[in-house]
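What follows is a single structure, written as structure tokens, with notes after it.
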Amino acid sequence: MTDLSSTGPVRTGGTARRNGRGLTGLLLVSVPVALLGWLIIYPIFNAIGRTILRTDGTGPGFSLDTYVRFFSDGYSLANLWLTLWVTAVCAALLLAICLPLSLYLRFAKSRVAAVVQGLSLFPMFVPSVILAYALIRTIGPNGGVDLVLNALGLPKINSPYLTPWGPIIGLVWDNIPLTTLMLVAGLGAVSDNAVEAARDAGARPWAVLRHIILPQIGNAVLVVLSFTVLSIFSAFTLPYVLGPASPEMMGPFMQRTFGQVMDTRMAVTQAVITFAICAVFGAFYVRSIARNRKNGR
Amino acid sequence: MSSPLSRRAFLGTAAASTAALALPRITLAADGFVNVYTGSDSNISDFWTNVILPGFKSVNADARVRVVDAGDGAGLRAMADRAMAALGTDSDPQVDLFEAYTPDQTEGSIDAGLWVNFATAGIDNMEKVNPAAKQTDFDLPYRGSQVLLAYDASKVSAEDAPKTWDEMTAWIHANPGQFIYNRPDKGGSGGNFVRRAIHEANGRDPQKFTLDNYSDAYAEETLPGAWDILNGLAPSLYEGGSYSSGNTQSIQLLAQGVVTMTPVWSDQVLQSITMGVLPENTGLVQLQDLALCGGFSRITIPTNAANLEVAKQLAAYVLSEEVQSKIITELGGFPGVTWDSVDAALREKYADVIPASIPTFPGGDWDAAINDRWYRNVAPGIARG
């Protein structure tokens, strides 16, 4: 959440150094950086090392056999494709739902807007497990929705439970608050003056959106996309409870390979592959932050 | 766990709880508590805390016993690894008794002498243990459960309920979409249903599978037949081949009237009926040609336990008539001892459901092989692509 401020265009960089407080700043960040190195950077290199270095007693050697096994195994690849597909669908749905929502929240000044904002943040406070079981009871087979439809004499819904659409619905619902918050923050950068000036010049709403608003929030959208991709790609609870037995998403697949098949090296390999894909989107995020800072100076 | 925020919160709590764990650990060894680790559901840890431990006071009034929830099998494995690492050193493994753990889950632990040999340890009541439940000398079967078929009795009459595998197959095909079993690694009810299919494909002979006879080649010879059987069932299962993600989810689908029949654990289904999750008239039936497999939960005791003597006393007490009878009445489970060793009145009352034998399927390497192959061969389905 601390990143939100950096998506704004104006940033007063370098004040700390100018004031001669650089050392204090460095000391303050040293703890999180050390934690990052210990809990994240080190495990990454440890994982990569464990998957590519041979440990069969013939001395140090180099081997990519688990990667070859993963990429030549139709079952594993199907799981990877499903994960990519679910992530892409979720990201598209999230943008489609949250962009209009955040435009409304940015420009509406009524009391209703405050209620909508509260509602849109609500999913943030519902744990995934609770959400999963709630979804089973509502849109699951013979769930709440079916009961209502049945009472109205309508046919039952084709329940998404135990299909890839189950986790998609859950993940979209779960990610609405963060996506909306980030988009609203991005929209904060769009000045009312610019929008009003365009309207005065006779621009229709669509033209305002396309030529005034969208160019200014491109960065925020990129950040939103990378964040959602990162969290959905590694999702565990919702795919585990709501998804089909096969293909599995990478989260449950890794857990099963580790805990059930007890093939730790393969599980780590799957994790490294997942991480590599997520890192691409992480790079997008880092790049957009860096670009922002440069613009701000 | 699916948003970055909750992940961050998770890391925070994880760090905090690790730190919190580190503190009492220093004092734990000296605090005189006997540590019982369990990975079972809360009904089991409640049973230990509220039934077994208060009763144990009559045997050993001074012992202070604490039940620790290790979460799941992986949690217990970590504890066993710690005991294994402490073996031969002065370190206290800080675990005195595992509520349900089998020695084969820690590689080489039997050879290393990690586990108490119950055959020679001179524990009271040992002679009462049901011989059919025994697996190795290093584990002590103390409670059992079997998998049954539960059905909606308003849709299926007791006479029409399937009593053999073939009748069941015929019923499933005659009632498409009305049967579901859970993924074999996510719960024993579906897991033992899959194992029953393996028995079916191998002449219904449970003797063909033992803890020691696993090999990739033997699995390749015995398992594919079961995948054919299960793939044959798939089109007639719920949604043309969907599999629920646990024992509870199967019961939930039965309770919501989505499916008509599903395999269930005997203790769990009895509890669901008592709690009103399932209606009073839920039908239960066991296959008569060969029962669905059951399982026994097995106590193991590390030889380097700090309170070894108390742990042995506790194991003996768990085998007593008092506790074994309560396993039937309070847990809805089966005793680990022979039925002659429980209260005569209970024996009379449960005469109808006492299984002549509960076939079991060995764990160990079979477990990982069966579950992973099921995912690769059965879960993807044919029609569903």
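Start at 1 and count along the chain as shown; that gives each residue its number.
Cβ coordinates come from backbone N, Cα and C, glycine included.
As annotated by TrEMBL, domain 'ABC transmembrane type-1' applies to A:80-285.
Same-chain residues lying 6+ beyond the ends of the transmembrane segment (A:26-45) with a Cβ under 8 Å from its Cβ atoms: 275. Among the features that TrEMBL reports, transmembrane segment is placed at A:26-45 (among others).
Among the features that TrEMBL reports, transmembrane segment is placed at A:80-105 (among others).
Under the heading transmembrane segment, TrEMBL lists A:112-136 (among others).
Residues annotated as transmembrane segment in TrEMBL: A:168-190 (among others). Nonlocal intrachain contacts for the transmembrane segment (A:168-190), taken as residues 6+ away from its ends with a CB within less than 8 angstroms of a stretch CB, comprise 1, 4, 7-9, 86, 89-90, 93-95, 97-99, 101-103, 105-106, 120-124, 126, 128, 131-132, 135, 139, 160, 212-213, 216-217, 219-221, 223-224, 227-228, 231-232, 235, 238, 242.
Per TrEMBL, transmembrane segment is recorded for A:220-242 (among others).
Annotated transmembrane segment per TrEMBL: A:267-286 (among others), in sequence order. Under 8 Å from some Cβ of the transmembrane segment (A:267-286) lie the Cβ atoms of residues 44, 47-48, 50-51, 66-67, 69-70, 76, 80, 83-84, 222-223, 225-227, 229-230, 233-234, 250, 253-254, 257-258, 261, all in the same chain and six or more residues away from its ends.
Through the fold, the transmembrane segment (A:80-105) approaches residues 113, 116-117, 120, 164, 167-168, 171-172, 175-176, 179-180, 183-184, 187, 209, 213, 221, 224-225, 228-229, 232-233, 239, 247-250, 273-274, 277 of its own chain, all at least 6 residues removed from its boundaries and within a Cβ separation under 8 Å.
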